[in-house]
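Swiss-Prot annotations:
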- 1-332: region 'Ribokinase' (REGION)
- Asn207, Arg208, Lys209, Glu210: ATP binding site (BINDING)
- Asp277: active site (ACT_SITE)
- 359-488: region 'Cytidylyltransferase' (REGION)
Amino acid sequence: MTVKSPDIQSLVEGLGHARVALAGDVMLDRFVYGHVERISPEAPIPVLRVDEERAMPGGAGNVARNLAALGAEVTFLSAVGDDEAGADLKAALEREGGIEAALTVVPGRTTTQKTRFVAMSQQILRADRETTQPLDAASAERLLAALTSALKDRQVLVLSDYGKGVLTPAFARGAIAAARAAGIPVIVDPKGRDYSLYAGASVVTPNRKELGEATGAAVDTDEEIVAAARALMKAHDIGAVVVTRAQAGMSVITADGAVTHLKAEAREVFDVSGAGDTVVSTLAAALGTGLTLAEAAGLANSAAGIVVGKVGTAVVHQDELLAKLRERELSMLEAKVAGLKSAEDIVAGWRARGLTVGFTNGCFDLLHPGHVTLLERSRALCDRLVVGLNSDASVSRLKGPERPVQPDIARATVLAALASVDLVVIFEEDTPEALIKALRPDILVKGGDYTIDKIVGADFVQAHGGRVEIVDIVPGFSTTGTLARLKG
C-alpha cells in the first residue's frame with residue numbers, strides 16, 4: 001500500500017475509530033526470563049536462573065490487546081475456567097484499558113496457560129496447561145447471545161480460533177450468520193483442517209502451513225499458494241484469504257481474482273509469538289474504518305514487521321506504526337530516484353506489463369503550481385510518468401552560475417514525493433535527448449507554446465511509434481520570476 005504524507009497520520013489515527021467485536025480462545029501467556037550459566041548435574045539440561053516473570057493475555061486475548069494498542073474500541077467475548085489462571089486473565093484484561101471483556105466462567109474448565117522460559121532472547125522451553133474440549137452447549141449459547149447483542153454497534157467481527165474449544169461449530173456458524181445478517185464483515189484467524197466452520201467469512205488468515213493442511217495442497221510457491229487459496233474460497237464461500245508467510249511476507253487473494261504479494265518488512269526477528277494476532281487485529285481495525293482489503297493488508301504487513309522485532313507476546317501501538325509507515329515512505333521516495341541503468345530496467349518492466357510510459361523534463365528548481373499542473377496533466381496521459389531532471393551542472397550552463405537554488409538530489413526528492421511522478425532520472429547533458437533515446441517513452445510531453453519540431457526528442461519518439469503531447473501551462477509562475485522578486 002502506498003500512503004502519502006500528510007495522509008499517513010490521519011490514516012493511522014483513524015484506526016482509533018474502529019469498533020470491533022472479538023470472540024475466541026483466550027489464554028494466559030506467562031514468560032519466565034533468566035540466564036543460563038551452567039548445565040544441571042542431574043541431567044544434560046540447562047539451568048535457568050530466573051530474573052523476571054511476566055503474565056499477559058494471549059491467544060484471542062492478544063488480538064484484543066493489539067486492537068486496543070491501535071486505539072480501537074474492543075468488545076471481547078471468551079470463556080475461562082473457575083481457576084487461578086482464569087482470575088489472573090480477567091484481572092490482566094481489566095488492566096489493559098480499552099477492552100470491554102465479557103468472559104464466561106465455566107466451572108471445572110481448565111484455563112489454558114502457556115509458560116515460556118527465555119534466556120538471552122531465546123525460548124528454551126514451553127510448558128502448556130490446557131483443554132481442547134469444546135465448550136458445553138449452554139455456555140456456547142450464552143456466549144453467542146452476548147455476541148449477537150454486541151454486534152449492534154460494531155463495524156467488524158473477528159473470530160480468533162486457537163483450537164481450545166470456545167469456537168464450537170455451532171458458535172462459529174452462528175456468529176458468522178449473525179454478522180452477515182447485520183452487514184458486518186467477518187475476519188477469521190483459523191485453526192485445524194475443517195474450514196466449513198468458517199463458511200461465509202469475509203476473510204480468513206491462515207499461515208502457509210495451515211493453508212496447506214486445510215487444502216492438502218502444496219503451498220511452496222506463489223502460484224501454489226494462490227491455487228490453494230482459491231480452492232478454499234470456492235469450497236467454503238469465503239470472500240478472501242490473507243496468507244501469512246513468515247520471512248516471505250503475505251499474500252492476499254480475493255474471490256474476484258485479485259492477487260497481491262507483499263514482501264516482509266521486518267529488519268530483525270526476535271520472536272514470532274503472536275505475530276498472527278497483530279496481523280488479524282490490524283486488518284480488523286483497518287477494515288472497520290473503511291479501508292480496502294489491499295490497503296488493510298499493507299498496514300497489517302507493516303505492523304507484523306514491527307512486532308516480530310519484539311520479545312514475547314507483544315503489541316504494536318499507533319505511534320510505532322506511524323513511524324514505520326513514514327520510514328517506508330522515505331525509502332519509497334529514494335526508490336523513485338534512479339540512475340539510467342536502473343531506469344531502463346524499471347521502464348522495461350512497465351512495458352512488459354502493457355503499461356504506457358510517458359516522459360517530460362525540466363529543471364524544477366523551485367517547485368511551483370505551474371510545475372505541479374504540468375506533471376499532473378502529463379501523468380493523466382499515461383500509466384507511468386518518468387521525469388528527466390537536469391543536473392546541477394546542466395542547470396548552471398542553461399540558467400547561469402547562480403542556479404540551481406536547490407541541488408539535484410533535493411529537487412529529485414521533492415519530485416518523487418508527488419503522486420503524479422513515478423520515476424525521476426537526473427541527466428548531465430543540456431538536453432534530455434540521450435535519456436529519451438535510452439528509455440524510448442510512448443508519450444513525450446512538453447508544456448508551453450512549443451511546436452513539435454522544436455521539442456527535443458520528438459522526432460525519435462514519433463519514429464518509434466510514440467506520440468508527442470503539448471499541454472497548457474499555468475501562466476504567472478516561474479522560478480526565475482520568483483527569484484527576481486526575492487532579490488527585490
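Glycine residues also receive a Cβ, built from the backbone N, Cα and C atoms like all the rest.
In this structure, the CA atom of Glu210 (ATP binding site) is 15 Å away from the CA atom of Asp277 (active site). Broken down with DSSP, the region 'Cytidylyltransferase' (359-488) shows 53 helix, 26 strand, 51 coil.
Ranking the binding-site residues Arg208, Lys209 by other CB atoms within 10 A of the CB puts Lys209 at the bottom.
Here the CA atom of Asn207 (ATP binding site) lies 11 Å from the CA atom of the residue listed as 'active site'. The Cβ of Asn207 (ATP binding site) lies under 8 Å from the Cβ of Val243, Thr244, Arg245, Ala246, Gly276, each on the same chain and at least six residues away in sequence. Mean per-residue pLDDT, taken over the region 'Ribokinase' (1-332), amounts to 92. Most other Cβ atoms within 10 A: among the recorded positions Glu210, Asp277, that distinction falls to Asp277. In three-state terms derived from DSSP, Lys209 (ATP binding site) belongs to a helical segment. Take the mean position of the Cβ atoms of Asn207, Arg208, Lys209, Glu210, the recorded ATP site; other residues of that chain with a Cβ within 8 Å of it are Pro206, Leu211, Gly212, Glu213, Val219, Val243, Thr244, Arg245.
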